[in-house]
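Colleague: Quick one: structure below, then a few questions.
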Amino acid sequence: MAITKYLVSALAVAGLAFAKDCAGDLTIENQQDVSTLSSCEKWDGDIVISEVVKSSISLTGVKQITGSLKAKNSSITELSAPNLNSIGDALSLSTCTALRSLDLSSLTKVKTLSLEALPKLQALGFTRTVSQATSILITNTDLTSLQGLDLETVGDFMVTNNPHLMEINVNKMTNITGYLNFAANNKQLSVKFPNLEGAHNMTFRNVSDASLPSLHKMDGLLGFYSNFFMNISAPNLTATGDLVFTSNSAVMNISMPKLETVKGGLQLANNSLLEDIEGFPALKLITGALDITGKFKTVKLPSLKEVRGDANLQSTETFGCDPWQKLKDSDVIRGKLTCRERQEKPKTGDDHSGGDEEGHKGAAAAFAKAPAAALLIAFVGALQFFL
């Protein structure tokens, strides 16, 4: 009995010692510091790569980090953790301008992924693919694709200022609960979400293709700004918040055949090759403002029953204002109607302050939010190179 008690006590003490040795916040300044992890499959705390590191670091053995794995302003050249499969909090690599190789070949789960100002990093190094993450930020890298990300759902998904990023294809993603923003990547960037069914806010800027064949419902803004595609389609979209198409210089066709409700404003502005606006045959309700300006010759919304805000239609061409006046006279358009043909400089609505009892404001304010956020993210990302 005494021997049994002794063994139990010894094992308990050993367990506590082991737990203590594999816990806390660890700062790594060289490869020798990694020896602290040599007997730890699980590290309970954060691991931080110091700014003084100027070579490669290999975290062999550790399989799980309950906290974060971080590096900021470090001169690390290679980071390897081939056995690491889970990071409980953040994988954050920021302003590591010498980092050229990332090997996290077993990683499948991380809470937040943040890769910022990594100008030499060309591949993610997620061989098994990361399938769980709540937030992703990738900005100012040399990545050519996002191969290694295979998420089904995500919160925020920000990808900006990656000059060689040519393709984003997230096959399994079905839902985006936060804000998605793609901006200022390679001009040939093709974005494909073949199975995405729902999203909160999404903005696409400077992309050559955006494929959303399964998108069914948006809760917030769906915006397309300064893109290079000729055609854009969301064949299964039935409802969205604000819907914006601005300064898409090559677009000639917009098709959303099942869209019935815009809970906010609908704006099409400065799409210089868009002559015929006929891609919304089922649209019935716009709770905010309707704002269409450009060089269009045709506007057809045959199912429209209600516009709760103002309606502004201005074109350099003749498109016919009589049908719109009839909609105003029949109270389909609840706010102010501005309809002008053959305008040298068509103007967008100055103050689309319409909306419904739920507080949906008109186009002008809502349309400005996402572009401003995108520009701020892009600016902050670029600024990191100089800090």
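Quick reminder: no glycine exception, Cβ is built from N, Cα and C everywhere.
According to Swiss-Prot, the protein carries these features:
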- 338-361: compositional bias 'Basic and acidic residues' (COMPBIAS)
- ASN73: N-linked glycosylation site (CARBOHYD)
- ASN175: N-linked glycosylation site (CARBOHYD)
- ASN201: N-linked glycosylation site (CARBOHYD)
- ASN206: N-linked glycosylation site (CARBOHYD)
- ASN231: N-linked glycosylation site (CARBOHYD)
- ASN236: N-linked glycosylation site (CARBOHYD)
- ASN253: N-linked glycosylation site (CARBOHYD)
- ASN270: N-linked glycosylation site (CARBOHYD)
- ALA364: GPI-anchor amidated alanine (LIPID)
- 338-362: region 'Disordered' (REGION)
- 1-19: signal peptide (SIGNAL)
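Show me how these features fit into the structure around them.
Modeller: For the recorded site, ASN73 (N-linked glycosylation site), the DSSP three-state label reads coil.
Of all the Cβ atoms in the protein chains shown, 15 others lie within 10 Å of the Cβ of ASN175 (N-linked glycosylation site). Secondary structure at ASN175 (N-linked glycosylation site), as computed by DSSP, is strand.
Counting every protein chain shown, the number of other Cβ atoms lying within 10 Å of the Cβ of ASN201 (N-linked glycosylation site) is 22. DSSP gives ASN201 (N-linked glycosylation site) a strand state.
Within 10 Å of the C-beta of ASN206 (N-linked glycosylation site) there are 19 other C-beta atoms, taking all protein chains into account.
Sequence-distant neighbours of ASN231 (N-linked glycosylation site) (same chain, 6+ apart, CB under 8 A from its CB) are VAL251, MET252, ASN253, ILE254, SER255.
Counting only same-chain residues six or more apart in sequence, the Cβ atoms lying under 8 angstroms from the Cβ of ASN236 (N-linked glycosylation site) belong to PRO213, SER214, LEU215, HIS216, LYS258. Following the DSSP three-state reduction, the secondary structure of ASN236 (N-linked glycosylation site) is coil.
Within its own chain, ASN270 (N-linked glycosylation site) has THR246, SER247, THR293, GLY294 as residues 6 or more apart in sequence whose C-beta sits under 8 angstroms from its own.
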Colleague: Cβ atoms within 10 Å, counted per site: which of ASN73, ASN253 has the most, among these glycosylation sites?
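Modeller: It comes out as ASN253.
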Colleague: Under DSSP, is ASN231 (N-linked glycosylation site) part of a helix or a strand, or is it coil?
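Modeller: Note: ASN231 (N-linked glycosylation site) is in a strand by DSSP.
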Colleague: If one measures from the C-alpha of ASN175 (N-linked glycosylation site) to the C-alpha of ASN206 (N-linked glycosylation site), what distance in angstrom results, rounded to a whole number?
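Modeller: Answer for this pair: 23 Å between alpha carbons.
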